[in-house]
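Heads up, the thing below is written out as structure tokens.
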Amino acid sequence: MTPAAAPDAPLLQVGAITKTFGGFTALDNISVDIRKGERFGLIGPNGSGKTTLINCISGALRPQTGNVIFCGEDITQLPPHLRARRGIARSFQIPRPFKSMTVLENLMVGLDFAKVDSSLPEEDVAMSILTRMGLASKASAPTGTLSQVELRKMELARAMAVRPKLLISDEAMAGLSSSEVDEVLDLLISLGEEDITIIMIEHIMQAVMRFSERVMCLDAGKIIAIGAPAEVMGNKRVQEAYLGT
Amino acid sequence: MTKHRNSIVFWAGAAVFLIAVLSMTQIVRNEYPFFAGYVILQFIALAVAWSILGGYAGYVNFGTNAFFGVGVYTAVALFKATGAPLVVQIAAAAVVGMTLGFGVGLLTLRMRGIFFSIATIALAIIIETFVMNWRFVGGAAGIQIQRPPVMAPFDSYVKMLFFVQALLVVIAVSIARYIQNSRIGRGLQALRDDELAAECTGVPTLKLKLVACMISGALISAAGAPAAMYLQYADPSSAFNLSYSVSALAMALIGGTAHWIGPVLGAILLGSTQQLLAVTISSEVNVLVLGIMLVLFVVGAPKGIIGLLRPRYRLRAGGKP
């Protein structure tokens, strides 16, 4: 019996993580549990440690102290590709497509390496994800020809190819028009409806409010508020962090 | 389906090539074409082997000469100690090259870009210094090799070496082709484009880079192993000559690295030009020609010959379609 079998156990437990870069403390003793199926919003001013936190969760960085437990397993020391295979996928703040490949081939990387059993041929699975994301017509397009919103969607599609349990979206809506924001947001919400837990980092407040069941606000590497979206937005310290005192 | 048909065409082509080479050794009397052809075949094998790490994975290895020299001296040491036949020398060189690739990869593949390249240059210098001080294989003065009697059906040792090197080319190309069409190839391509994104998509980047480095190293050492028998002589400064690194790299880049055929075309083009010039003008002009062609291609056709031939590969190699 693994602890993951307990029905109420959180999907992801971040336990007292501290990450410093030289003398700078990017994350200071952060602990948070993410429930299975939750839509979790992560906000905070620039440089508050949001991306550092998800880098520690996805494995791009290792914290100095603390641990990360996913599905009951301590994954603190695992490299990113093993975390991806266990079901943690992410998009990047600045899109990082495999630029020598077509959109479909980008997804094939995830399908090839994440080792998901499937009776369907990989290309059919990739196409169904692209259709889902509204990118089917771009399947054989090189990534260099995609627009900003298409690139964002492709990053999410590639993350979906790993068949994640936990999807981390790092500012997938930055730089998009408001109709495009709604488009991407609808996609994320619909993914949340099929049992994928989602952590969304975002600066666009309407999007955060509409998306999140729970919001956490970081400032200077510390959690300053966590709870229901309206509650966090109303928090005085959160407003100070964003607007200055 | 087309994949299956492609395989049939490929293996038929390989068989025709080997049969042609074999019949040539039986029909042609003059030894010179084999003497010159051997060098071209050797460069095809080197360029193809180099491109597995340098092209597919994008890790520019300047240590081709290290692996080549290790191949030469593995063969020399083994031959002197035990009189082992050529095939054993080549197999041993491949094993040593693979082991070296593993060790070097483990130490250097965490470095990126220029740092990796510089580390591979240092590698060649270290090993060359070691061999220079190794008396058993002749040290800095080099060593004369007495060829054993040639085996049937060949009537001269150079002809046999020509056939052996053709066989090594077929092995190198079929391995490169297999990698290109497999999961490994897709993973290498992904990590070449973006290593962190590849990791986060489930690609075991360090493992794949190590595999590429080991295979590339094994093939380069194997291609170098017959060189001592070919020249009947080996010395450290020619076995570890930096020109092997420059040539392999230039040939692969001029041919294009997105497809296995690229290094083959590049090596044939450059290798035969060099052989021609060495006879008609002088062997020193070789280097000049290599330099000029590299400049021309970098400016005019950055994706190499195959980029000029097929727009598809221009895309695969990272450019706009």
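Positions of Cβ are set from backbone N, Cα and C atoms, glycine also.
Whatever TrEMBL says is automated annotation, not expert-curated.
Remember, predicted model here, so these are calculated numbers, not experimental data.
Positions annotated as transmembrane segment by TrEMBL: B:7-28 (among others). Taking Cβ pairs closer than 8 Å, the transmembrane segment (B:7-28) reaches residues 34, 153-154, 159-160, 162-163, 166-167, 170, 173-174, 177 in its own chain, all 6 or more past its ends.
For B:34-53 (among others), the entry in TrEMBL reads transmembrane segment.
Among the features that TrEMBL reports, transmembrane segment is placed at B:60-80 (among others).
For B:86-107 (among others), the entry in TrEMBL reads transmembrane segment.
The transmembrane segment annotation in TrEMBL covers B:114-137 (among others). Residues of the same chain lying 6 or more positions beyond the ends of the transmembrane segment (B:114-137) and with a Cβ under 8 Å from any Cβ of it are 59-63, 65-66, 69-70, 73, 76-77, 80-81, 104, 107-108, 143, 234, 236-237, 239-240, 242, 245.
Feature annotation from TrEMBL assigns transmembrane segment to B:157-179 (among others). Long-range contacts of the transmembrane segment (B:157-179) within the same chain, counting only residues at least 6 positions beyond its ends with a Cβ under 8 Å from a Cβ of the stretch, are 10, 14, 17-18, 21-22, 25, 31, 34-35, 37-38, 41-42, 44-45, 48-49, 51-52, 56, 86, 90, 147, 150-151, 185, 188, 212, 215, 219, 222-223, 226, 229-230, 260, 263-264.
Outside the transmembrane segment (B:210-233) by six or more residues, the chain places 38, 42, 45-46, 48-50, 52-54, 56-57, 59, 61, 64, 67-72, 74-76, 79, 86, 89-98, 100-102, 104-106, 109, 142-147, 157-158, 161, 164-165, 168, 171-172, 175, 179, 184, 188, 239, 248 with a CB less than 8 A from a CB of the stretch. Taken from TrEMBL, the feature transmembrane segment applies to B:210-233 (among others).
Residues or ranges marked as transmembrane segment in TrEMBL: B:287-309 (among others).
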When counting Cβ pairs under 8 Å to the transmembrane segment (B:60-80), the leader among B:34-53, B:86-107, B:287-309: B:86-107
For the transmembrane segment (B:287-309), distant same-chain residues with Cβ under 8 A (at least six beyond the ends): 243, 246-247, 250, 253-259, 261-262, 265-266, 269-270, 273-274, 277, 317-319
